[in-house]
Amino acid sequence: MDFLSPVLDGFGVVFQPDNLLYCLLGVTLGMLVGVLPGLGPAATIAILLPITYNIEPTSAIIMLAGIFYGAQYGGTITSVLLRLPGEASSVVTAIDGHEMARQGRAGAALGIAAIGSFIGGTIAIVALTFVAPLVSGFAIDFGPAEYTMLALLGILLVTTLGTGSIFKSLAMATLGLLLATIGQDPLLGTARLTFGSDQLLDGIDFVIVAMGLFGVGEILYNLEALRKKAPKAAPVGSVYPTRKDFSESKGAIARGSLSGFLLGILPGGGATMSSMVAYAVEKKATKRPEKFGRGAIQGVAGPETANNAAATSSFIPLLSLGIPANATMAIMFGALMLQGITPGPLLVEEEPQLFWGVVNSMYIGNLLLLAMSLPLIGIFVRILKVRAAILAPLTILITMIGVYTVRNNVFDMYLVIGLGLLGYLMKKVGFEPGPLVLAFVLGGILESAFRRSMRTFDGELSGFLGEPIAASLLGAIVLLILLSVLRAVRSRNKATQNKENKNSDVTPAEREPEDGAEQRDRDPAEHP
Amino acid sequence: MKILSRNRTVRSAALFAAAALALSACSVQGGSGDGDGGGDYPTRPVEFSVPTEPGGSTDLVTRALAKSIEEPLGQSAVVLNKPGANGKIAGKDVFSSNPDGYRVAVMPQSLFAVGPLVLDDPDAVQLEDMTFIKGLAVEDYVMVVPADSPIKSVEDLKKAGNIKYGTTGAGTGSQLSQALLLGLQKVKATAVPFDGGGPTLTAVLGGKVDAAGLQIAEAFEQIKAGELRGLAVFSKERLDALPDVPTATELGYDVTVDQRRFVAAPAGLPDDVRDKLSSAIDEAVQSKEYSDVLESSYIGRWDADGAEVEKQLRESRDQFKTMTEELGVDMKGQS
């Protein structure tokens, strides 16, 4: 087997004691920075870059890669326990994960997330080993037209999040899209909605929106609850997931691995999309969709598996094409260049030791992370026993540090407080932040991708139909809408036939994609 | 920044206390010097602001510089990323601070030479806001097409017509160089601005745009692997990295556009501080680390003193302005 020998050589590289040590160092650091919201893996790797000058290239990249996927494990912890999603890909985890924590099932949520992450990550590495050359082309097949459709699909899926009404979800998604337009026009650089302030020129960072609406909003809301009744420590149930939890999440983990691997290859919003797709798929797959948004374990298992699988597969474009798929990969690119290696299509042939050493180190890294996470869960869930009067200011402190580190900018700290107040008011009147935050992320992709497409199509909307992938995605969107309409009509007929069937919980939930999609679909057409 | 939180602490309790704490934890190296004489400069760490996210070439160059300058300077050097608005955020921040030499910024030429062609910004950073210390680096651009494209040469662009060309962003040298070349050819063309080098590279590899302008480091491996074809470089002479790719000038199109980076401090920096910084930079750029970064990223040296930096900025600004006006290339409309 000619193909397998460099792979096996790669294991030889990984099992050198110093490489094992760098791997352990990387994943431990990664997990720590993942726990701290704001200080993401990208910034950490940038700070550590000078240290790697004097290390062997392979060891250096093994360590830096460990920081990246280790951070994915750590990010779950704050999402679940404190409702502080530090990255776009863990926003959906915060919805059901935090709900589980409130019900005393934080341990189960973190446990299943760690196990799902491990399985998703490992499956993605296996897939990377065998099919990386085949699927790497997937990344360059996605241009502006394809991203336009992908973002549209994502906005369609936003409406399936949480438990709120369709109209509230849509209103929030619209607000998210509006917020995304703040700052410089993505193509021309003209200032928009900045009120003459330089601070808003670059738009609002995702971390600030997520931490303000989720984290700070939640804290303010809880403070209010403190006054009403004596503070009751959240019960911390079994620290580990039960057998029932496992059997409920099996399917979610399997499906999450697949969607995560495939979408992760796409540069840009791949990881975020994969967690949303995973959530939407689980909500459709389950027999009890009403549990979603109220602490469904599949709502944690699916997205968490998917975002880890995506983190792994996002190495594919970098290592096999020389294209960095996200900010962290861009810094990895820099790190490799500092070592005198420019990642490109020839990397696998020219540097097989490096390529396979790094890929195979991820098996070990994931194993280490699983071994570290499980015992730590017992310690982390104790955070919930801390009195709110102590926990709340601490959380705010962490949030503020995190927000400051994003751009080293004080203005962002005021912004997060403002958004926190908005999040508090939203929660008070029953609007959920999930659709807003995700529409905010997707809005940025949608607008620039759509306008780029229009430039390449000479302004003809029909250009989308000429691109096979974009056209197929458009077909999927139309199909989803039609199915939803059909189902809504049918259940409405049923409802009129037997009036005792007043459980209308399902009906609006099924109808919602229809409204959302049509609105978004029409929008670009009206755009000149 | 620290001052901000100090002055307004008396608002509401927990949030702002937390904010202040976070602040003092993060910005230990502030710039509000209180009367350090120039003589014993530097007595505390010097902060290098980078106007980009971590990871780009400016960031890499600055980090290598900061690491190598600690010895000649006798103080530690801290790199601070302040991305945003093509460098305006970092520029405004640093150049409005005290000119004491403890806060400097690494700035791109494009902000002053290309930016104004794209955007009328009455609030832009002006040359007068800065004390120029040293030139650092020159980066060149290459125009590429996918390897399987029917366009084999610059002349083929004319035949193909209706060119969609990818740029690394509005107001970049990538846009300007291609706009000028296509303008000289009188080819109908539409710029498609992407968000930096990575996405532009992806788009041209996938054939989503007909051509693209990239920096050498971004395109080199792909050209070597036969995935992209270099049509022209926009340097004065052919580049060592791409000896087979002709310059636009030798093809008869007088377009030379590059990106230059330099170190600047707020206007009014005392001369002795400037000299000290400038000689420390001279020493630092000779280090192996710094040289390695330049070499592996295909970045050239720009050995220029403060006055030369200023001259280059003025000249390129005027030259680009005249050229776009003469050719009737409207960077605003088509960026």
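Every residue, even glycine, has its Cβ placed from backbone N, Cα and C.
What TrEMBL records for A:497-511, A:517-528 is compositional bias 'Basic and acidic residues'. Here TrEMBL flags A:20-438 as domain 'DUF112'. Under the heading region 'Disordered', TrEMBL lists A:494-528. TrEMBL lists A:20-49, A:108-135, A:147-164, A:170-188, A:200-221, A:318-341, A:361-381, A:388-404, A:470-489 with the feature transmembrane segment.
Counting Cβ pairs under 8 Å that are 6 or more residues apart, the transmembrane segment (A:20-49) and the transmembrane segment (A:170-188) reach fewer than 3 and are not in contact. Stretch with the most C-beta contacts under 8 angstroms to the transmembrane segment (A:470-489), considering only A:147-164, A:170-188, A:318-341, A:361-381, A:388-404: A:147-164. When the stretches A:147-164, A:170-188, A:318-341 are ranked by Cβ pairs under 8 Å to the transmembrane segment (A:108-135), first place goes to A:318-341.
Same-chain residues lying 6+ beyond the ends of the transmembrane segment (A:200-221) with a Cβ under 8 Å from its Cβ atoms: 37-38, 40, 82-88, 91, 94, 98, 179-180, 182-184, 191, 193-194, 392, 395-396, 399, 402-403, 406-407, 412, 415-424, 426-428, 433, 436-437, 440-441, 444. Outside the transmembrane segment (A:147-164) by six or more residues, the chain places 92, 95, 170, 173, 177, 266, 268-269, 272-273, 276-277, 279-280, 283-284, 290, 292-294, 430-432, 434-435, 438-439, 442-443, 445-446, 449-450, 453, 464, 469-470, 473-474, 476-477, 480-481, 509, 512-513, 515-517, 520-521, 524 with a CB less than 8 A from a CB of the stretch.
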